[in-house]
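Chemist: Submitted below is the structure of interest, expressed as structure tokens.
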Amino acid sequence: MMKNSRSFLRYFPFWETLRRYDAAWLRFDLTAGMTVAVLAIPQVMVFALIAGVPPVQGLYAAILPTIVGAMFRSSEHIITGPSNATALMLATVLLSTGKALEGEALLETVLMLTFLVGTLQIGCGLLKLGDIFNFVSYAVTVGLTAGAGVLIAGNQIDKLLGLDLPRAQHFYGQVWHIVTHLGDVHGPTLIVGVLTLAGLLAIKRLLPVLPAELLMLICASLLVVVFHLESRGVRLIGEIPQAILPVSFVHDQFGEMRRLLTGALSLAILGMAEAVSIGKVIALSSGQRVDINQEFIGQGVANVTGSFFSCMTSSGSFSRSALNFKSGAKTRLAGVFSGLFVLMVVFFFAPYARYIPISALAAIVILVAYGMVRYDQIRLALRSTRADSIVFVVTFVSVLVFDLQMALYIGIALHALFFLKQSSQPRIRRLLPDAEGSFQEVPLTAKSQRPVQIIQFEGALFFGAERAIEEAVDKILEHDTVPQVVIFRMKRTRDFDANFIVVFSRILTRFRARKIPLIFCGVRPELQALFDRSGLSHHIKHDHLFHAEAHLFESTTEAVRYAYALLQNQGNAPAHPEAE
């Protein structure tokens, strides 16, 4: 009973935190929570702007999903809420619906997407699919992030310039709209945006400890009030409801599930990939072991909960998570406090937020987007391997040519293809006895006059390796001196499948037709079991199988002795290979 109780409680890490909580940690968690909230308030409004949803949905998502995520996530330090990449993906998915969504229709679609994303994430966590996200490689992540940075900045330039343009479906369309409407730039809007951008750069350079984004939003709002800029055409974000997390339902959109499922899957994959990368980085500093599957569950529960309270889609925020850790957070309570502080600000100061100019938010977005293009990461992706450089470039270009959703799938698929190509190239070498009684590796093409040839296979022998195996056998049988006995060393092989059985059945048939004995050495129990289950062992003589031993090359040495004894009995070779 106790064991079942512990298994159940592991899905509720918040309980364990409360059970072992030390009162001395409270001031650290309170301070970190307040610090994160100060950063979160302008950030989440910016991310809402990126997503094309009302800023209040970003604020709401920094409250309840942040609190719930902190309670259910594995990491003590990851902060849940809107993120730049997730916001851009949400915008992409909304645009892909092909509808001009506004008002209630927009809210219902966002909430349905958030609900589906959360459900998919919970399912992935319960099914323990965390390892799958290793296919979202470093090169894919860097390409997506850099491309998203360029895309985000490009989508905000019209707001910085005060242009009222339709939303283009692709990046190049947006650039073309801006270039052809430069004569319509609104002066007061541009001045507010440029002053905000200059102020941000100055504060970050001269006084980096201050919350630059929050300070500049306050300054920009004061400019609007003092100089009556609203009457001069400067667009503001407008009224923010003072209601605390209004309850909303997604039942009206259940008929839309199939249409939104692809987009929800993209959002879920991106959110979980962010969770994996943030979890790894934070764990390196904190020393905490992060359960990726529990991270998925925590993120999913946060999104499902948020979908009933007018919240946009949430993910792990790298900047707020890093700030949370650097601010001295001891436990997940810091995330809970962060959500509560944002709630207090929304409740008491919402009426004043209406004066925030959109061009000021756009300036913050552009600066955030610039920070997403990490040149050190790009250099690493380009200089590591040819495959990584290709994956990075293709993913980056795909973001700009297509959209973030398509680029994610293209990047993952391309990385998987390179991975399969690499895995389908088993290392096949000749082994030659050396003077010390061991063996040395030489290329398969190396000349050898020995009557007994030893071929060593290494790596995965699944369906992708079929061609490489067949070509290796061709080289053996078409060699200038065809061997009288061939030994296959199998100790370093893995990942066998049905294709392996089919290929080796053909190989055995070819060797029998040439009257060349084929001996297997280094046969591990799992390979022997596969031989037995498939019936392949019936086609291999019992004394032609040498099982793997504890000592290096022990079974290989035994197989070589047996092969020379076999030839000696036929009167075709010396008794020992050393006699050659």
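For all residues, glycine too, the Cβ spot is worked out from N, Cα and C.
Quick caveat, the model's predicted, so the values are computed rather than measured.
So TrEMBL lists these for the protein:
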- 28-50: transmembrane segment (TRANSMEM)
- 110-129: transmembrane segment (TRANSMEM)
- 136-157: transmembrane segment (TRANSMEM)
- 185-203: transmembrane segment (TRANSMEM)
- 210-229: transmembrane segment (TRANSMEM)
- 260-283: transmembrane segment (TRANSMEM)
- 333-350: transmembrane segment (TRANSMEM)
- 356-375: transmembrane segment (TRANSMEM)
- 387-420: transmembrane segment (TRANSMEM)
- 442-563: domain 'STAS' (DOMAIN)
Chemist: Given the cut-off of 8 Å on Cβ pairs that are 6 or more apart in sequence, determine whether the transmembrane segment (387-420) and the transmembrane segment (136-157) share at least 3 such pairs.
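Modeler: Taking Cβ pairs at least 6 residues apart, the transmembrane segment (136-157) and the transmembrane segment (387-420) are in contact, with 3 or more under 8 Å.
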Chemist: Hey, does the transmembrane segment (28-50) touch the transmembrane segment (185-203), meaning at least 3 C-beta pairs closer than 8 angstroms, sequence gap 6 or more?
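Modeler: Answer no, regions not in contact.
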Chemist: Have the transmembrane segment (110-129) and the transmembrane segment (333-350) got at least three CB pairs under 8 Å, pairs 6 or more apart in sequence?
Modeler: no
Chemist: With DSSP as the reference, give the number of residues of the domain 'STAS' (442-563) in helix, strand and coil.
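Modeler: DSSP classes over the domain 'STAS' (442-563) add up to 58 helix, 29 strand, 35 coil.
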Chemist: Let me spell it out: take the transmembrane segment (356-375), skip the flanking residues so only those 6+ beyond its ends count, and list any with a Cβ under 8 Å from a Cβ in it.
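Modeler: The answer is 42-43, 45-46, 49-50, 55, 84, 142, 145-146, 148-150, 152-153, 156-157, 159-160, 162, 189-190, 192-194, 196-197, 200-201, 213, 216-217, 220-221, 223-224, 229, 234-237.
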Chemist: For the transmembrane segment (28-50), what are the same-chain contacts with Cβ under 8 Å, counting residues 6+ beyond its ends?
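Modeler: The answer is 56-59, 61-62, 66, 79, 81-84, 86-88, 91, 152, 155-156, 159, 211, 213-214, 217, 237, 312, 317, 319-320, 323-324, 327-331, 333-342, 345, 353, 356, 358, 361-362, 364-365, 368.
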